[in-house]
Amino acid sequence: MADVNHTAFRPGTFLLVGIPGLEKFHLWISLPFFSMYIFALLGNLVLLFTIVREQSLHKPMYLFLSALTVADLLLSTTTVPRMLAIFWFRVGDISFGACIAQMFLIHFISVAESAILVAMAFDRYVAICNPLRYVTLLTHSVIWRIELAAVVRSFCIVLPCVFLLLRLSYCRNRVIPHSYCEHMGVARLACTSIKVNAVYGLTVALLSAGIDVVFIAVSYGLILRAVFQLPSAGARRKAMSTCGSHLCIIFLFYTPAFFSFLTHRFGGHSIPRHVHILLACLYVVVPPMLNPIIYGVNNKQIRETVMSM
């Protein structure tokens, strides 16, 4: 029987179990996830429509924000509907191809979103530290190139994960103890060595997100130095208010991502598996829900535009 269980093959389908250990609470867990997803959809669609419709918002900061909004919509829509199908109807079957596609999209969007946050930090740096060159440096063509570079970088980083999974031989076990497909969750079902997958996944996470965080930290270090050198308290408050929303979004994006990643890799058995999975599920729905709220509340121009619609 053991030989049968370890016979190598590529399964037609995988089975996503949702949040392992909390199956009997899936219905109750689904309620906040459904609510957060609806708020994320409505909030991001309203924010995107507002930026596209209002000509005065066609500025670098808002164009980057619209790219972030699109990424949030794609990330939550790629994951949450299937989660809800598992929670409500226990429909956890997903084809091998669909699982690989979902894995690619989730990691692709996450890496791209991280790059967008770096671009937004650079935008704030130029606006505050070099305001006279702001219009000439961040033209629409430059913005499109930055966003295209973010997409290309993300594609090049995540695509190897697809081939690393396709090269593996899988065992008869097709159960993924997760609510969606992610790289190492799928790789652990393989019968062959996944050392290359683990090393590549760790290296990419530390280098891509780690380098992005360093760039953001340097940008805001220079911004804070410039802000405290401003002559008037009013100017300092105005400068900080323009950065406050972005800092909140950075905190919301990186904190759960790094916490989930580090505890998943190095937490061992000290943290229950259902905590890891629950954090990973919250990561794909909480930031998309809160981002439009943060910008809608803290940004006067967006708030007034929405109110006048």
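Yeah, the Cβs are placed from backbone N, Cα and C, and that goes for glycine too.
Quick caveat, the model's predicted, so the values are computed rather than measured.
What TrEMBL records for 43-295 is domain 'G-protein coupled receptors family 1 profile'.
The annotation transmembrane segment is assigned in TrEMBL to 25-49 (among others).
The annotation transmembrane segment is assigned in TrEMBL to 61-88 (among others).
Look at TrEMBL and you will find 94-122 (among others) tagged as transmembrane segment.
Within the chain carrying the transmembrane segment (142-166), a Cβ under 8 angstroms from the stretch's Cβ atoms is held by residues 60, 63-64, 67, 100, 103-104, 107-109, 111-112, 115-116, 119, 183, 186-187, 196-197, 200-201, 204, 208, all 6 or more beyond its ends. Summarising the annotation, TrEMBL assigns transmembrane segment to 142-166 (among others).
The annotation transmembrane segment is assigned in TrEMBL to 198-223 (among others).
Here TrEMBL flags 244-263 (among others) as transmembrane segment.
Marked as transmembrane segment by TrEMBL: 275-297 (among others).
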> Which residues, given as numbers and ranges, are at least 6 beyond the ends of the transmembrane segment (61-88) yet have a Cβ under 8 Å from it?
Replying inline: 16-18, 26-27, 29-30, 33-34, 37, 40-41, 44-45, 47-48, 51-52, 94, 102, 105-106, 109-110, 112-113, 116-117, 119-120, 123-124, 127, 140, 143, 147, 150, 179-180, 242, 249, 281, 284-285, 287-289, 291-292, 295, 302
>> Looking at the domain 'G-protein coupled receptors family 1 profile' (43-295) alone, can you tell me the average pLDDT?
In response: 90
